[in-house]
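Asks: Have a look at this one.
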């Protein structure tokens, strides 16, 4: 009996260590420079500013998406030639999505000689090419393009990165080895994210066909797949490891998901200074002190990871509820399956459910805030605002990419029909 218990305990411990290694927030640490920058931010910024940053960060992407919804659409039954406003909408949406993608690449590929002006040009030209390709396929094949919003993700990313490479230039691509390495890593991480785009609508389509017990079992698969794909992304974001936690927003909008900071080994507290000859006690004390510093930097990093994840899961449902309430008042609501025949009472019930869900997530965030304040003696709100401000380009890029894509995922003109595979 004892031997059996030992085997079970050993297996459990091994699984715990494996799962811990898989968790992205357990792998890295703050650099000394990052810690000092956070200290200066903590001392200099007011509470009003911190509150405003935390409250308003998701607002721009949702406001842009709601503005896009204000464009009146024609019925897809009228054909692709009559759907002029749909092509305008597609172009506008593509500009923001491609812009987010380009600025994300510009940030993560530090060796790329791409200015802000060039990045804007790349975004516009990519949107033109993508919209033109969609129109061509609609003319020669079918409109709406079956699952077009999902299937066109890979061609869209290819178009964007092609323009990006053109702007970099052949000479830089051939001679700069570091640039080549960064491009390969970024291509792998983008491919993993594109796989998420294709995978999640597939999961939803299957999920909707299952009974309640099967749905509960099926949801257990999603965290493993998410962590595996995010691990693939994380392994390649060596220049600026920051894309991971914001990808978690897809679950907050699609299915009811830290900024990872680069570790500067040259200046990190984890770098051990040369040891002079001395007593064993001195060496041991110094090593212990370094280990304490390293552990403290790891704790800061993990706190940032958890805080940002909780923040995403708490705030996005609220903003999505506000977006949904605005969409319900617009003519475009007729082209979304979930709002087309929704009554006012049903809409109210949906909004209440989103608010309740967000309220529970807020309770989790408040509990985390209290715990960290008592245990570590600092305000986690300042750390959250510090991350949101210092990585504003990265965060806004990811927000625009994912929110604009997810919000219009079920638009009739997008061709995504979750019941189609089972008809």
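Quick reminder: no glycine exception, Cβ is built from N, Cα and C everywhere.
Copying in the features that TrEMBL gives for the protein in this structure:
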TRANSMEM  48-68  transmembrane segment
TRANSMEM  88-108  transmembrane segment
TRANSMEM  120-141  transmembrane segment
TRANSMEM  147-171  transmembrane segment
TRANSMEM  183-208  transmembrane segment
TRANSMEM  318-338  transmembrane segment
TRANSMEM  350-372  transmembrane segment
TRANSMEM  392-412  transmembrane segment
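Help me see these features in their spatial surroundings.
Replies: Among residues of the same chain six or more beyond the transmembrane segment (48-68), those with a C-beta under 8 A of the stretch's C-beta atoms are 89, 92-93, 96, 311, 315-316, 319-320, 322-323, 326-327, 379, 381-382, 384-385, 388-389, 395-396, 399-400, 403-404, 407-408.
Distant neighbours of the transmembrane segment (147-171): 94, 97-98, 101-102, 105, 112-114, 118, 121-123, 125-126, 129-130, 133-134, 137, 179, 183, 187, 190, 194, 197-198, 201, 405, 408-409, 411, 414-417, 420; these residues of the same chain sit at least 6 beyond its ends, with a Cβ under 8 Å from one of its Cβ atoms.
For the transmembrane segment (318-338), the list of distant contacts is 58-59, 62, 65-66, 69-73, 76, 252-253, 347, 350-351, 354-355, 358, 407, 410-413: same-chain residues at least six beyond its ends, Cβ to Cβ under 8 Å.
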Asks: Output the single range from 88-108, 183-208, 350-372, 392-412 maximising the number of Cβ pairs under 8 Å to the transmembrane segment (120-141).
Replies: 88-108
Asks: Can you say which of 88-108, 183-208, 350-372 has the most Cβ pairs under 8 Å with the transmembrane segment (392-412)?
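Replies: So the stretch in question is 88-108.
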